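> Sharing a structure with you now.
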Amino acid sequence: MQQGTLMRKVKSKSWKKQRFFKLQDDCMTIWYESKRTGKIESAFSISDVETVREGHQSEVLQSLAEEFPPERCFTIVFYGRRGNLDLIAGSAEEAQCWIEGLRQLIEPRSFPLTPALVSRTWIRDWFQKADKNKDGRMNFKEVQRLLKMMNVDMNEDHALRLFQAADKSESGTLEGEEFVLFYKALTQREEVLSLFQEYSEDGKKLTLLELVDFLRHEQLEDKGTEELAMELIDNYEPSETARARHVLSADGFLMYLCSPEGSIFNPRHRALWQDMTQPLCHYFISSSHNTYLIEDQIRGQSSIEGYIRALKRGCRCLEVDCWDGPNGEPMVYHGHTFTSKIPFREVVSTLGKYAFKAEPSYPIPSWVLKRAGGDGAQQCRVPGDSKSHGGDGHPKVLTSPSPTPQELKHKILLKGKKIGRLEDMLDGPGDEASNVSDDDNGAEAEEERRRAQVGGKQHGPALQKDKESLAQALSDCVIYCKSVSFRGFQEARSHSRPFEISSFAEAKARKLIRDVGNEFVRHNTWQLTRIYPSGMRTDSSNYNPQEMWNVGCQIVALNFQTAGTEMDLCDGLFSQNGRCGYVLKPPFMRDKETLFNPSDPGSREGPGPTTLTIQVISGQQLPKVDNSKEGAVIDPLVRVEIHGVPADQAHQETKYIENNGFNPRWDETLQFQLHVPELALVRFVVEDYDKTSRNDFVGQFTLAFANIKPGYRHIHLLSKDGTSIPPSSLFVHICITK
């Protein structure tokens, strides 16, 4: 790998260019250059790589299956929304060399990243970036350039003093351990050291009892505190001698505060912590809209990548729009648009590979069968393909009603129309078997009427009878998510069943929330509701999901391919409970007689308002803004946003710190009153202040209020795409009072 390999970079069946790929000496960077010009075309870091897929595991490589064997093909998958890199090696041996090599390089990240490991990697990366002449040393001019690269605008005299103090050899350059000393002096955390010394009698270490004292008084740990203190020393104290004496040094204290145990996110809530035996309608379910699209709604690309990315992000509700295709094969795409198409069988195969990879694997309500139906033979393909998509011969599609996620594990629930009533299907044929339930989308019904008019002359009675028979096969797949039209909450209470579901466009949902909020909440205590984006959102933008969650809507479908506040809220809500894609609604949203209305927070039974006080203390190694000028340093500020019921919607921000993205200090306190904390999401946003134009995004982190740990905590920032950007973080103190 480090000698370089000539491979084909593939973008389409006709676009195959030879490029020279090489792993840099740091074993962290890969660049590739044009064979023709010798110019470096692009580069990427190993830390950007999520996984490596072997063989024909992309649409592009599948289209070349007859031309190139799978042993020579592989796909590099990146975090976030960066496009995959499809490659064809010259031989199977070369392909294996790259596949195994890349997997070994990214494998260490499967273990928890300790602050020490992040720091070592960070130091090495910065040294190599700043060592312009690659002589393994750094002179003062290179150090000044490094400071700009690291988002630090430091006084030259102060920088020179740090440089000279670290230059133990007095050679005028820094190398090896000297640079580590310089970096440590640069990253000294005064705010953490002063906190450490508050509880340390000698200022050098925390004894076991002193650490217990800190955990009880500051971190509000009230159970098993001594055992926790011992565990923290064992896990984060770097000195063997100190560990043996059961004491924690200042370095160990910092490592603890930067660890998952020192995170603002309650580590116990990262795992599965909620009751999963409630009815399905008692959960918020992570849901995507037109999952197959990875771009816009009109001309965008349809791709199995949409399903893979959504499932890996914890999504459990997918859309599969089936339309009649050529050669009797159903196709998946956005009908009546110019989006590309993918075969239904490829989607089914992808679901079989990725739907239940993670544990616990709770059910997937899938929006399938929506538009297949013009061709009877293709209707027959859909249930057959769906029931065996796991590849093991065992059907994973649900074939009997079961109301709880626990009982529905490893099942796929198909949503669609139904011939007759579900009761008739379970008890045997009934008198109403010829009635087809209404669909929830007027556009779909209109499309079917149009198809019937176009094809009416060609269909005789015998063929029509055959079509009805085949439609029954489709209908029989719909067990728990029978699609019904919504004709009012009173009508639903009188005639609907818990296994039925209605869908609403965002505008219709907003009107119901505004006019009859409490009735909407009650409806969602016993029946599933799906919300989908307006058809005007052709750019795949998103609506605010919070207002839909406020009335208990379970399936709030978003365009996962579009980054922004809306997807940050979605990721924030579903990052808990083992990332299983299900979050239990609060008790007052599961009671059929509830009086709760989000527009009247006093209607919620329970204690009064909760006060959330956040002291924003400092930031660490914040990233530069994308496409910023060389040498530019950010002016960071922190904004805290509360997303919840209308009375709780609020935001406050700190002042900005000039020219310091490396270790800014704010020491500002922000305070919020939460009337319905059970529904609140808290979003921390760091921006680069600009007095002449809109501030630039730097990083963010969002979590449900219920998952916040009080005390001194670090917030590890995420990028626009929701991916980690270590070691960028905020240091805060959280206080919650009722």
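Each residue's number is its place along the chain shown, starting with 1.
Yeah, the Cβs are placed from backbone N, Cα and C, and that goes for glycine too.
TrEMBL labels come from automatic prediction, so no person has curated them.
Just lifted these from TrEMBL, have a look:
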type	residues	note
COMPBIAS	384-395	compositional bias 'Basic and acidic residues'
COMPBIAS	437-446	compositional bias 'Acidic residues'
DOMAIN	1-107	domain 'PH'
DOMAIN	118-153	domain 'EF-hand'
DOMAIN	154-189	domain 'EF-hand'
DOMAIN	474-590	domain 'PI-PLC Y-box'
DOMAIN	590-719	domain 'C2'
REGION	375-407	region 'Disordered'
REGION	423-464	region 'Disordered'
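Tell me about the setting of these features in this model.
Taking Cβ pairs closer than 8 Å, the domain 'EF-hand' (154-189) reaches residues 119, 123, 126-127, 136-140, 143-144, 147, 254, 618, 620-621, 662-663 in its own chain, all 6 or more past its ends.
Restricting the average to the domain 'PI-PLC Y-box' (474-590) gives a pLDDT of 94.
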> Could you break down the residues of the domain 'C2' (590-719) into DSSP helix, strand and coil, giving a count for each?
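Here the numbers are 12 helix, 62 strand, 56 coil.
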> Within the domain 'EF-hand' (154-189), how many residues are helix, strand or coil going by DSSP?
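Within the domain 'EF-hand' (154-189) the tally stands at 21 helix, 2 strand, 13 coil.
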